[in-house]
Amino acid sequence: MGSTVAAALLLFLAAVPAVFAATFKVGDISGWTSNLDYTVWLTGKTFRVGDTLEFVYGLSHSVSVVDKAGYDNCDSSGATQNFADGDTKIDLTTVGTMHFLCPTFGHCKNGMKLAVPVLAAAPSPSTPSSPPSTPSTPSSPPSTPSTPSSPPSPPSPPSPSLPPSSLPPSASPPTNGTPDSETLTPPPAPLPPSLSPNAASKGVMSYGIIGVTMILMYAVMT
């Protein structure tokens, strides 16, 4: 399992430059030829490690890879590589400026030379992080709203108040001061019975007898 993963990773890394690499046909439709200003052709182009230069040319031309001095002097004697197949593809493998010229006499002087600035390869896209985990299952759905409690009982109707009990008519005289003919006047208090004349005389006699008796007793004692 581990070796399979490693092999797949190597294949991926090897494929990345190929995916982003570009092939530039030198001179475009004109190809590799004399009487063409290749500095103009370079304008607006960016070359990176991993790209390829394709030289398409006729039998009278060829391609030599030289250093800066050979480029400046149109001297191919110190060339590191020479090609004459008519369709030469050269991979750009190092950062820096690569110099090319046609070694045919007089062609380099007529502008058949090329200096290509090579930049580092474009950074490979970062490996996408693992996809976000699936959203967690939401917690139990919210509980259904509780059944509302029974509505409050309607207020009981007020009990009819009983009429005030009838009170007996007051015996007090009416406020207008006029005595009611129907109101009974309390009877006068009874008078003690008067003594008859006989009883009075008997009482006086009794008191007289008692007085005489007391006097006689006092006289005897003294």
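Backbone N, Cα and C define each Cβ position, glycine as well.
Quick look at what Swiss-Prot lists:
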type     : residues                      : note
BINDING  : HIS61, CYS102, HIS107, MET112 : Cu cation binding site
COMPBIAS : 125-172                       : compositional bias 'Pro residues'
COMPBIAS : 185-195                       : compositional bias 'Pro residues'
DISULFID : CYS74-CYS108                  : disulfide bond
DOMAIN   : 22-120                        : domain 'Phytocyanin'
LIPID    : ASN198                        : GPI-anchor amidated asparagine
REGION   : 121-198                       : region 'Disordered'
SIGNAL   : 1-21                          : signal peptide
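Other C-beta atoms found within 10 angstroms of the C-beta of CYS102 (Cu cation binding site) number 25, with every protein chain shown included. With helix defined as DSSP H, G or I and strand as E or B, the domain 'Phytocyanin' (22-120) counts 14 helix, 35 strand, 50 coil. Cβ contacts within 10 Å of HIS61 (Cu cation binding site), excluding its own Cβ and spanning all protein chains shown: 20. Shown are the recorded positions CYS74, CYS108, MET112; of these, the residue with the fewest other Cβ atoms within 10 Å is CYS74.
Within its own chain, HIS107 (Cu cation binding site) has SER34, HIS61, LEU101 as residues 6 or more apart in sequence whose C-beta sits under 8 angstroms from its own. Rounded to a whole number, the distance between the Cα atoms of MET112 (Cu cation binding site) and CYS74 (disulfide bond) is 9 Å.
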